[in-house]
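Here the structure is laid out as C-alpha cells; the discussion comes afterwards.
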Amino acid sequence: MKPPKHFSHLLLKAGFYLILMIIFIYLLFPFYWAINSSLKSEAQLQMAPATLVPRDPSTGDFAPTLRNYRVIFENQQFVRGLINSSIVATSTTLLALVAGSFAAFALGKLRFRGKKPTLYMILAMTMFPQVTVLAGLYAVITTLKLPTITSMILSYMIFTLPFTTWVLTAFFKGLPLALLESAQVDGATPFQTFYKIMLPLTAPALVTTGLLAFIAAWNEYLFALTFTSINPGARTVPVAIAYFTGAVARQEPFGEIMAAAVVVTVPIVVLVLIFQKRIVAGLTAGAVKG
Amino acid sequence: MSNDKRSGRSELAKREERTAYRLLLPALIILLVIAVYPLGQVFYTSFTNRQFASGQETEFIGFDNYQRLLSVTISQLPPVIDEDTNQPVIDEETGKTVYERPISVLPREPVRYREYKQFSFMGNRYVLGATDVDFIDAITNTLIFTVTSVFLELALGLGVALVVNSNFKGKGVTRTAMLIPWAVITVVSARMWEWMLAPNRTGLFNTMLYTLGLADGRVAFLASGQLQLWAMVAVDVWKTTPFMALLLLAGLQTIPDELYEAAAIDGAGPVKQFFSITFPLLKPAMAVALIFRTLDALRVFDVFQVLLGQSQYSMATYNYFQLIGNRNMGLASAIGVVIFIIIFGFAIAYIKMLGVDMDETA
C-alpha cells in the first residue's frame with residue numbers, strides 16, 4: 001500500500017526544504033527589514049505603505065542610499081566603540097571560558113565536598129536584575145580604581161561566568177568516564193587529563209558557549225552606559241549607538257541606527273562563519289578513536 | 001572506589017579533591033571580587049529606606065519595603081442597600097447588583113491598599129486589593145511573558161536544532177544565519193521591532209495586514225493593553241530562539257550516531273528514536289538552556305523599557321522605575337531580592353523536574 005520509495009523520499013525532502021525555508025524567513029526577515037531601512041533616506045522611511053526595497057517616493061524606482069552608512073563611519077564615537085567592544089567582548093569571552101572550563105571540569109568530573117552549594121552559589125550570582133546590582137558594582141569598581149575597560153570586562157563576568165560554568169559542567173558530565181579512568185591508569189595527572197583529553201573533546205561546547213558569551217558581552221548596554229559615563233572614550237558600540245543624535249533636534253536618526261545595527265552584526269556573523277564548523281566538529285567520532 | 005567512605009578517604013580521593021578546589025579557585029575569586037559586595041549590599045539595602053543619589057540619612061526599616069510591595073488582601077464587597085426599600089440596588093441598564101466601591105472596604109492602615117481585581121464567588125462579590133498594584137501587575141506580566149516565550153523558544157529552538165543537525169547542502173550557511181537574531185544588539189532590535197510594529201502603514205506589520213485585507217492598517221500593537229504583552233513575546237521569541245537552538249544543537253552533537261544506527265536496526269522509527277534516544281540524552285543540555293533562558297526572561301528589561309516604557313512594567317523595568325524615577329533605592333533593592341527569589345524557585349524546579357541534579361556524578 002505504501003507509495004514507491006523514491007516518491008516518499010522526494011516528498012520528505014521537499015517537506016524538509018519547506019521547513020528550512022520557513023525557518024530562514026522567520027529568522028532573517030526582520031534583519032532584512034533592518035538592512036532595507038538602513039538603505040532608506042528619512043523621506044523613504046516615512047512612506048506609507050512601507051516598501052520592501054528602498055523606492056523613490058515620487059517615481060517608485062529602486063533608490064537605495066548609502067548616506068546612513070557614511071554618517072555612522074564619520075562618527076568617531078561609533079568607530080571607537082567598535083574597537084572598544086571588540087576588546088571588551090573578546091577578553092570577557094576568553095576569561096569566562098578559561099575560568100569557566102576549569103571550574104566546570106571540577107564540577108562535572110571530580111569528586112569533592114561542597115559541590116552542590118558551589119554550583120548553586122555560582123548560578124545565584126546571575127539571578128539579580130542588572131539594575132539592582134549596578135550601584136554596588138559601581139562602588140566596587142571605584143574602590144578598586146580599575147580602568148574603565150577592565151572594569152567592564154570584570155563586571156561582565158557576573159553574567160558570562162555562571163553561564164559558561166554551567167553549560168560546560170553539563171557537557172563535561174556527559175563525557176564518558178571510561179576515557180578519564182584510562183588516562184588515570186596511564187599515569188596522567190588530572191591537569192593532563194583535562195588538557196589532553198577533556199578539552200579537545202569539549203571543543204564544540206567551548207565554541208558554542210564562547211559564541212553565546214561573546215554576543216552577550218558585545219550586546220551589553222546598562223553596565224557599559226554606567227561605567228563609561230565618566231570616560232566617553234571607553235564607550236562600547238551599544239552605548240555609542242544610544243548617543244546617536246539626528247540632524248534635526250529631538251528627531252531620531254532611525255536609518256542610522258539601523259545601519260549601525262547591520263554593521264555591528266557583521267563581526268558576529270564573521271565569527272560564527274569561522275567557528276561554525278567547530279560547533280559540529282565530530283565530537284563522538286573523536287571520543288571513539290580517543 | 002565505593003570503599004572510600006568506609007576505609008577513610010584514600011590518598012587518590014584527597015588528591016582529586018585538592019585538584020577540584022584548585023580548579024575552582026579562579027572562578028570563585030572573580031565572583032568574590034565582583035559579586036559578593038554588590039549582592040550583599042542589595043540584601044542589606046532592601047531593609048532600609050535609602051534614597052538613590054541623595055544625602056538623606058538612611059534608616060533601618062525592617063521588612064517595610066517587602067510589606068509595601070507584596071501585601072495583598074481580599075475583602076468582601078457589600079451590595080449597596082437602598083435606604084428606602086432596604087433591598088440591594090440593581091443597576092437599571094445591566095440588571096446587575098450594585099456593590100460598594102472597593103476603596104470603602106479596603107484597609108488603609110498601615111499602608112493603603114488599592115483595587116487589583118474584583119471577582120464573584122458563591123454569590124458574593126470580593127475585591128482583591130494590593131498595596132503595590134503596579135508591582136503585582138509587573139509580576140503577572142513577567143510570569144506570563146516568561147512562560148509563553150520560553151515555551152515557544154524551546155519548541156522552535158528544538159525544531160531548528162533538529163533541522164540544522166541533519167545532513168544537507170548549505171547547513172554551514174544555515175547555522176550562521178540561524179544566529180543572526182541573537183547577534184543583533186538588544187536595544188537596537190527593540191527599536192527595529194518598534195519600527196516594524198508602528199501603528200500605521202510605515203510599519204511592516206500594518207502594511208502586511210492591510211495588504212492581506214486583515215486589518216485597517218492602524219493596529220496599535222504597542223499601545224493596546226491586549227497586544228502589548230504578545231508583541232513583547234513575539235520580539236523575544238524571535239531574538240532568543242537562536243540561543244536555545246544553538247545550545248540544543250551542541251547537545252544533539254554529543255549523541256553518538258551509533259545509538260541511532262542501532263535503534264534503526266531494531267526497527268525503531270524516527271518518532272520512537274526521538275523519544276527513546278534524543279530526548280533523554282538531550283535533557284542535560286535542555287535543562288541548562290531552559291534555566292538560563294528563563295532566568296533572562298524573568299529579568300527582561302531592554303525590550304520592555306524601549307517598547308513599553310511606563311505603560312506596562314516587567315519586574316525589572318519596575319525596579320528601574322523605582323530606582324531611577326523615584327530614587328527609592330531601598331524599595332528597588334527589595335524588588336531585586338523578590339526577583340532573585342522567584343528566579344531561584346524556577347531554577348530549582350527545573351533541576352528537579354528534568355532530573356538533572358548536577359551532584360549525582362560520584
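Cβ coordinates are placed from backbone N, Cα and C, and glycine is handled just like the others.
Taken from TrEMBL, the feature transmembrane segment covers B:21-40 (among others). Not one residue of the same chain 6+ positions outside the transmembrane segment (B:21-40) places its C-beta atom under 8 angstroms from a C-beta of that stretch.
What TrEMBL lists as domain 'ABC transmembrane type-1' is B:139-350.
According to TrEMBL, the transmembrane segment annotation covers B:143-164 (among others).
If you look up TrEMBL, you'll see B:331-351 (among others) marked as transmembrane segment. Same-chain neighbours of the transmembrane segment (B:331-351): 41-46, 50, 52, 65-66, 68-70, 135, 139, 287, 290-291, 294-295, 298-299, 315-316, 318-320, 322-323, 357-358, counting only residues six or more beyond its ends whose CB sits under 8 Å from a CB of the stretch.
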Please indicate, using numbers and ranges, the residues of the same chain that are 6 or more beyond the transmembrane segment (B:143-164) and have a C-beta under 8 Å from a C-beta there. 171, 174-175, 178, 229, 232-233, 236-237, 240-249, 251-252, 278, 286, 289-290, 293-294, 297-298, 300, 314
